[in-house]
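Heads up, the thing below is written out as structure tokens.
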Amino acid sequence: MAQLDTLDIVVLVALLLGTLAYFTKGTYWAVQKDPYASSFANGHAGKAGKSRNILERMDEQGKNCVIFYGSQTGTAEDYASRLAKEGSSRFGLKTMTADLEEYDYENLDQFPEDKVAFFVLATYGEGEPTDNAVEFYEFMGGEDVSFSEKSSDEKPLANLKYVAFGLGNNTYEHYNSMVRNVTKYLDKLGGTRIGEAGEGDDGAGTMEEDFLGWKEPMWAALASAMDLEEREAVYEPVFEITEKPDMNADDDTVYLGEPNKNHLEGTSKGPYNAHNPYIAPIAESKELFNDKNRNCLHMEIDVSGSNLSYTTGDHIAVWPTNSGKEVDRFINIIGLTERRHTVIAVKGLDATAKVPFPSPTTYDAVVRYQLEIGAGLSRQFVAQLAQFAPNDEIKAELTKAGTDADYFRENVYNKNYNIAQFLESMSSGEKWEKIPFSIFIEALHKLQPRYYSISSSSMVQKNKISITAVVGTLDTPGAPNIVKGVTTNYLLALKQKQHGDPHPDPHGLDYAITGPRNKYDGIHVPVHVRHSNFKLPSDPARPVIMVGPGTGVAPFRGFVAERAEQAKNGENIGKTILFFGCRNKSEDFLYEDEWKQHKEDLGDNFELITAFSRDGPNKVYVQHRLKEHAAEINQLLEKKAYFYVCGDASNMAREVSEVLSSIVSEQRGVPKQKGEEIVKGMRASNQYQEDVWS
């Protein structure tokens with residue numbers, strides 16, 4: 001037999017490998033595809049290739065109950081998830097949650113009568129749908145709704161059984177209008193509502209108890225309507241957590257807080273939005289208060305080169321990170337200190353379960369960047385945790401707190417506990433090692449961006465966005481814990497670093513301000529822009545009246561700057577009045593020098609009216625100043641002046657609205673009810689605009 005030389009062997013091996021490649025399609029050496037390469041590339045999780053036909057999706061997964069949600073801050077989504085879990089564990093329903101923007105609605109007329117749809121709907125702003133519910137709301141409320149069957153039936157949704165719960169705030173005029181209007185539309189189209197449409201009130205601070213009080217009679221009505229049998233509820237995880245000992249946290253395929261694959265690979269690109277932040281440099285930052293006990297930040301965020309654009313009156317969203325102090329506390333109390341940097345894979349145990357962040361990741365990264373660990377607790381979650389208590393005594397205590405609303409309020413809610421503080425207190429520091437990590441992903445909100453009214457004018461500085469923010473602190477008498485605002489303290493740490501502090505650490509909170517893998521180093525912050533309807537009139541000659549105490553003055557700084565710029569450009573500017581209030585002229589009079597400059601630019605067309613509540617013998621607020629200028633305000637309103645309010649919704653904004661109604665009534669000699677109707681009409685025509693928060 002002839003000997004094979006080296007070249008022959010090389011050729012034979014090459015032929016063998018080529019043949020193997022052809023028949024195996026490279027299976028044995030292909031690089032494993034990152035499951036998040038497309039779905040999390042720019043933050044659009046789970047949408048690629050998924051059917052928008054909800055009935056098809058339900059049939060594929062064997063579901064008989066879908067919980068749609070319209071959510072802006074994550075609360076409605078959280079309630080939808082909780083309803084899905086409870087429906088499954090207590091009644092054996094085959095449940096799934098569904099983001100309203102991910103499905104079409106034309107085939108709801110074919111919804112099977114042996115299935116049920118839930119609608120958990122938050123009302124955003126002045127009676128508006130949340131961003132992800134706009135298309136659904138416009139479709140269902142259209143004058144000529146066209147469903148797939150295109151029949152002439154006036155009741156096309158006759159087979160649809162549905163349940164509804166709304167999330168609202170009674171400090172807004174259009175309280176819970178989303179759920180009220182949607183139920184009206186569904187009923188008109190022939191839908192059958194099961195139980196009462198629930199309404200939660202964030203303004204009264206009763207959202208959680210409203211939800212809990214609504215769902216029990218709802219479940220009873222649904223069980224009767226669908227012949228369901230209740231069973232003992234046991235914890236059934238939605239997500240599977242798998243530790244990956246063969247992987248290292250430093251591996252470049254492990255997410256350490258990056259929101260999507262492009263950020264992971266260092267190739268972040270737009271469009272930048274609520275799923276995909278821009279890592280923006282902070283161009284400038286400074287302290288606005290002259291008060292050693294309080295902080296108010298002014299920051300200039302540079303968005304040049306990002307294709308992010310804004311118009312005066314919009315909002316900027318800041319993506320925060322949890323403080324290191326609270327991350328450490330959380331990881332320690334559940335016994336993960338030694339494994340905090342262990343790599344884990346998170347997978348939905350059901351095809352419809354949407355993992356809220358990309359993996360593989362680490363325990364530390366999930367707690368630091370993904371979960372709202374600083375928020376208060378729900379009574380339902382406390383009850384759920386009882387089964388994992390370290391001993392029977394603690395279990396009994398949690399069971400009582402989870403079932404007795406008054407006991408919960410006194411011993412949990414009023415103490416301002418976050419989840420880790422609560423666990424520490426209940427067990428006196430003993431570890432809670434039996435709690436499955438999956439329950440935190442299911443029960444805690446995803447860490448949400450915080451929105452701030454932009455305090456600059458896009459006409460004056462289109463590539464820089466200004467933020468004006470008080471650093472938040474909530475100190476409740478009798479509560480053992482002082483709540484520190486997650487995002488504003490994060491921004492304070494960034495400001496401290498920018499001003500030369502080598503170890504910025506406000507209140508000992510220890511933020512990881514350089515971000516995952518130091519990608520935010522050099523004073524950067526993740527942001528995106530949300531557009532708003534809070535706008536100056538298109539005609540600069542139209543008079544405007546603005547009421548903005550404290551940081552409520554933020555958008556009006558942009559408004560006045562814009563009018564000053566228009567005046568410099570030779571435009572005719574209408575009367576521009578700003579009512580501003582704060583505690584003391586010497587401590588927290590925001591942008592005092594700027595108002596003086598704008599007065600020079602605008603002359604008599606600009607008037608600043610101040611209320612310093614603690615400088616005199618009596619407390620004086622912007623509401624009082626409005627009454628003092630009643631005649632001038634009424635005259636301007638009769639000239640179709642726009643009226644704007646920004647700031648606290650629960651007290652200030654409500655009282656300003658009442659004062660304005662009284663001014664109209666008294667100045668025009670009409671009954672009080674007529675004054676209220678006129679102000680209501682101003683709201684409806686967008687002549688009265690609010691940018692307020694609870």
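Cβ from N, Cα, C; glycine included.
Any TrEMBL annotation is an automated prediction that lacks curation.
Feature annotations, reproduced from TrEMBL:
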- 65-219: domain 'Flavodoxin-like' (DOMAIN)
- 71-76, 122-125, 167-176, D202: FMN binding site (BINDING)
- 275-537: domain 'FAD-binding FR-type' (DOMAIN)
- R294, T551, S613, R614, K619, V620, Y621, V622, Q623, E655: NADP(+) binding site (BINDING)
- R450, Y451, Y452, S453, T468, A469, V470, G485, V486, T487, T488, W693: FAD binding site (BINDING)
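Location within the structure of each feature annotated in TrEMBL.
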{"residue": "S71", "record": "FMN binding site", "Cβ contacts under 8 Å, 6 or more apart": "E77, D78, A80, V120, A122, T130, N132"}
{"residue": "G74", "record": "FMN binding site", "Cβ contacts under 8 Å, 6 or more apart": "E372, H445, K446, Q448"}
{"residue": "Y172", "record": "FMN binding site", "Cβ contacts under 8 Å, 6 or more apart": "T123, G125, E126, G127, G203, A649, E690, V692"}
{"residue": "Y452", "record": "FAD binding site", "Cβ contacts under 8 Å, 6 or more apart": "H315, I316, A317, V318, I467, T468, A469, A554"}
{"residue": "V486", "record": "FAD binding site", "Cβ contacts under 8 Å, 6 or more apart": "P320, N322, S323, G374, L447, R450"}
{"residue": "S613", "record": "NADP(+) binding site", "Cβ contacts under 8 Å, 6 or more apart": "G581, C582, R583, K619, V620, Y621"}
{"residue": "Q623", "record": "NADP(+) binding site", "Cβ contacts under 8 Å, 6 or more apart": "M652, E655, V656, V659"}
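Mean per-residue pLDDT, taken over the domain 'FAD-binding FR-type' (275-537), amounts to 95.
A straight line from the CA of T488 (FAD binding site) to the CA of N169 (FMN binding site) spans 23 Å. Within 10 Å of the Cβ of Y621 (NADP(+) binding site) there are 17 other Cβ atoms, across all protein chains.
Cα of Y175 (FMN binding site) to Cα of R294 (NADP(+) binding site): a span of 33 Å.
Note: the Cα of N169 (FMN binding site) and the Cα of R294 (NADP(+) binding site) are spaced 28 Å from each other. With respect to their backbone Cα atoms, R294 (NADP(+) binding site) and V470 (FAD binding site) stand 8 Å from each other. Of the residues the record lists as binding FAD, namely R450, Y451, Y452, S453, T468, A469, V470, G485, V486, T487, T488, W693, the two whose Cα atoms sit farthest apart are 17 Å from each other.
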